[in-house]
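Structure first, then comments.
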């Protein structure tokens, strides 16, 4: 243990990312599956960013935040999938201690950023539907940039807090991570020092970064639905609701997959949770561009013009 502790401190320490399967056949299938999902995610999100940038009609708060959401998703999958593809393809499953913590930092802060951007988008829809006359002042360009800066600052702080706390944790014994990337829960399970502080901070900051925003989104949708129900004409009702439907779908997918992973005690964490993690780390970023472009006429038009 002493030797292990020293190697941990000297940075020679490595983890082994075993991944989802040990069998070479399954690894080949997983490699092609993740590679195609990664390419679809990159192409889909890049197209959305370009379509919004080049189409003046889409220079509105809603699309400004959507472009940022796509950028976050792009960054998010790039911080995990390429490394995973390398370990699936080669037999070298090792990831350095520093590499693991870097991956953890990006993972934690980008999930938080994704979540905070979804909150601002919910607020944007709330103002557009419930306070349409105040929309231009309530969502001025200056305020949009300020809100986004605040989201970035909070998520960077959130990521740093958990990554720095993880550096205090000592690892000994098994270094195998039966997982596709360095994930918070998995690392805490491998720890042989006391992780009480990590857990307490995780619950406190998680409630602030995830549960409070979820409550805010639910509240804003209650107000939105009430406002939509008061609209007399059916076509206006449909139009108002269709601008929210894609956001609602993305929020449900994001929180649904996140809840599958994190709303449970640490010690019950098992293989099926790695499937749930693949859902939120790979499938959600891949689906977002489709959800937003399928339901949306403006987005259709912009993508058509871009292509």
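Using the three backbone atoms N, Cα and C, a Cβ is placed for every residue, glycine included.
Annotated transmembrane segment per TrEMBL: 29-51, 63-82, 102-123, 135-160, 208-229, 241-263, 275-294, in sequence order. The domain 'G-protein coupled receptors family 1 profile' annotation in TrEMBL covers 44-292.
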Are there residues at least six beyond either end of the transmembrane segment (102-123) with Cβ under 8 Å to its Cβ atoms? List them, or say none.
62, 65-66, 68-69, 72-73, 75-76, 79-80, 83, 95, 147-148, 151-152, 154-156, 158-160, 162-163, 166, 181-184, 187, 209-210, 213, 216-217, 220-221, 247, 250-251, 254, 258, 280-281
Best-contacting stretch, by C-beta pairs under 8 Å, relative to the transmembrane segment (208-229) and drawn from 29-51, 135-160, 241-263, 275-294:
241-263
Non-local residues, at least 6 beyond the ends, that sit with Cβ under 8 Å of the transmembrane segment (275-294):
20, 34, 37-38, 40-41, 44-45, 47-48, 66, 69-70, 73-74, 76-77, 80-81, 107, 111, 179-181, 183, 246, 249-250, 253-254, 257-258, 260-261, 300, 303
